[in-house]
There are 2 protein chains.
Amino acid sequence: MTDESAGRAPLPATATTVVVGAGYAGLTAAVDLHDDGVDVVVLEAADRVGGRVLSERLDHVSGLVIDHGGQWVGPTQTRLLAAAQRFGVSTFPTYNTGDHLELWTDGVCRPFRNAGPADGPGVAAYEAATEQIDALAATIDPDHPGATASIADWDSQTVQTYLDREVSDGDARTRLALAVQGVWTVEPRDISLFHFLFYVASAGGFDQLMETEGCAQERRFDAGAQAIPQAMAAYLGDRVHTDAAVHRITVLDDGGVLVDTARGQVRARRVVVAAAPGAAVRIQFTPPLPQARNRWMERSPMGDVAKIHTVYDTPFWRSVGLSGEATVYGDHSVGVVFDNSPEDGRLGVLVSFVYADRQQRWARLPDAQRRADVLATLTALFGDQAGAPLHYTEKNWPDDPWAHGGYAANPAPGVWLEHAETGWRTACGPLHWAGTETSPVWNGYIDGAIASGRRAAAEILAALR
Amino acid sequence: MTDESAGRAPLPATATTVVVGAGYAGLTAAVDLHDDGVDVVVLEAADRVGGRVLSERLDHVSGLVIDHGGQWVGPTQTRLLAAAQRFGVSTFPTYNTGDHLELWTDGVCRPFRNAGPADGPGVAAYEAATEQIDALAATIDPDHPGATASIADWDSQTVQTYLDREVSDGDARTRLALAVQGVWTVEPRDISLFHFLFYVASAGGFDQLMETEGCAQERRFDAGAQAIPQAMAAYLGDRVHTDAAVHRITVLDDGGVLVDTARGQVRARRVVVAAAPGAAVRIQFTPPLPQARNRWMERSPMGDVAKIHTVYDTPFWRSVGLSGEATVYGDHSVGVVFDNSPEDGRLGVLVSFVYADRQQRWARLPDAQRRADVLATLTALFGDQAGAPLHYTEKNWPDDPWAHGGYAANPAPGVWLEHAETGWRTACGPLHWAGTETSPVWNGYIDGAIASGRRAAAEILAALR
């Protein structure tokens, strides 16, 4: 959602701190600084706040709010829950009653709960593998990833290599591949075993990433997940400037920083760069950033994901005992489906996720074929009714001009080992780094973004004292 | 070398073709287009032409010319030899008489020729491994990398994984790691087996990459390797503009292209982007580039290399039967040394290469320690005389504000498989791609840059007809 009422005021010539990026990370940093009395200005490239969180109100569909980006909150995501409480945004449980469906590679559709159908191919081996993954991840202290005993070994091999070697059951490997696609929005070949395990550790275990009840997908926001950054921006008032893309950041000899946008220049004592790595790396830094930080950002590409919402006059799947959640293997583009209906169930909403290799193929199709492709999968899962939605809408994150993808940036193999020490999030003089990718907790999630904003604000408060 | 006499003329408002980047690739494209009567303008971000090729004349050291960047030409690099001939730049053989030295991990120094000392640890296993590598690479058609039978397997594992699995001899693995560092300027964990094999295939075999006589390091340029791009720029005259960094490229609805620099805007019918991927990805493209091309560039980070030249009053190592070439293992920062003296031997010059992990550590040292570190290794190899050069100079490519590293950009694991088809070098409407990374021959080398410029020019000539 965009807010027409604010954002285009002239930029101030100076501010104690400039925050680059008005996603959860940047706005959290700005709120913390503002709370502590620090003069702060937020510069956002897009015409809205929220970053990779984007809610849309469909006025022609009963005012339904859908979330094109990050949308869930889990019980251990205490920072996000606290932000929701502070800014008055209520939550409700993700619909999680009835059977999930699994459409397997052979076209067989099986109901399930938990990790997979009891009679599903490779489920037992999959569960054994996730136990091993949790055991390996438990050796990582997410606050000190570089100190992990096996980091050199684990960051030198892809997850695909690990799966090929350790998981002999091909069906279990297929399941784990969808888990990687669904959580990291990449293929197992694209990330290292270390990044995979770090991410698991930062979330508190594999199930936390995968499950709904008690886990990352437990609850949703009545007003959409963007309501919180919008409320943060309202709290900050005219300190938040949209349509203000930063293209150059210059650290002066006197320690001050010049931040350049097409709408003018702001001079600051400290800067928080809270844009995603793939956006931040496109800023021209003078003098050039330290090699470790530059390489960290250059080598952390965003994942590939699209979210497709289909709206129906009722959540009709519920009446036949289905939860609306589904996992899809084989030739389908859709990988995962969730019930994304409003809490009162006045409408039925399914959200379909398309990831990684499948996203790349799907995104190249013409509009009508993309839609037909998604609806064919939904029909295979939920029957003909699913193929005739009242409303169909897509958000293809790799096309987003500022985020360049989603959900998060994933360091390539070797990057953690080579650059964790100083490249991950260490301040470079007056330049501080935020964004969920810099978080040791819930890395890649909204909660991690908030944690990173709090840390960056604390760094600056300490520096200004 | 910079050329003060030209480059800062006002930019023209229009040109049939704009070339972004005045390295070998861009200048070759511009020369070909100009030869064919096409109106062309070259926009270069730096204050000089040459890109990753940079020669310096040391007026205070007898006018010695040293090459901070690409410097060699081999007999199968026919495009570069032809360019040297056309632009009147003479070559001479790399000094290659006498014994090379190998400083092994245990501190033992052994003379050798060819792949390694006959009594060197792991040499036989190393040679067996390179034969296997050549056999695998022979299955790749560099013009059609995506058609490789094993691409999915090979692009899903790192070179480190391959070495750990296939090369049981630890000493041979150590040798192969230095080969990867020396040729790709990364660690074996950073690139996929497929990229490694593709690169070998594009060069015509592993020995072509590694050796001097008959191979990539066979000859050097009397006036330095930058003399050719300088002559190309002189030929193009006021069509070449330095200090003209392109920050935005906009494709208009009518098919025209606007190219924006801080010095003004040029409107063109066609554009060749001949900057390195890591520089090109920092340009803001409107509308956004196709996902495949964008991801290709985002996920192709530059390697890490520094070149250090030390100058002596004579090439004293020659008189004791040494070639000046050395390979260094263990705790030293320097990985490889070559004799880089002028042909007449009036001075002695050694060039030391520092790569990858070792470059990252070395570059963080204070100035005096970096120098002491390099000189200690040279002393261990060539005696005390090597520790007291007349002149010492470094070029640390990761700090270069435009190249961001060297020698070349290396696609991360998964990138070839996912994006070779349309992301590697396929034109995006009026936007054409050049640069050595887009070349099927001598990818990563000057010769590949020239090949890419010729291809891009041919694409444009075909499009304009």
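Note: Cβ is positioned from N, Cα and C throughout, glycine not excepted.
Annotations in TrEMBL come from automatic prediction, not curation.
According to TrEMBL, the FAD binding site annotation covers A:Glu44, A:Ala45, A:Val246, A:Glu437. Cβ neighbour count for A:Val246 (FAD binding site): 24 (other Cβ atoms within 10 Å of its Cβ, all protein chains included).
Summarising the annotation, TrEMBL assigns substrate binding site to A:Phe353. If you draw a 10 Å sphere around the CB of A:Phe353 (substrate binding site), it holds 20 other CB atoms from the protein chains shown.
According to TrEMBL, the domain 'Amine oxidase' annotation covers A:25-461.
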Fewest other C-beta atoms within 10 angstroms, as judged across A:Glu44, A:Glu437, which are the binding-site residues: A:Glu437
Set of same-chain residues at least 6 away whose C-beta sits under 8 angstroms from A:Ala45 (FAD binding site): A:Gly21, A:Asp243, A:Ala244, A:Ala245, A:Val246, A:Ala275, A:Ala279, A:Trp402
Maximum Cα-Cα separation in Å among residues A:Glu44, A:Ala45, A:Val246, A:Glu437, which the record lists as binding FAD: 20
DSSP three-state assignment for A:Val246 (FAD binding site): strand
Rounded to the nearest Å - Cα separation of A:Glu44 (FAD binding site) and A:Phe353 (substrate binding site): 27
Pairwise Cα distance for A:Phe353 (substrate binding site)/A:Glu437 (FAD binding site) [Å, integer]: 21
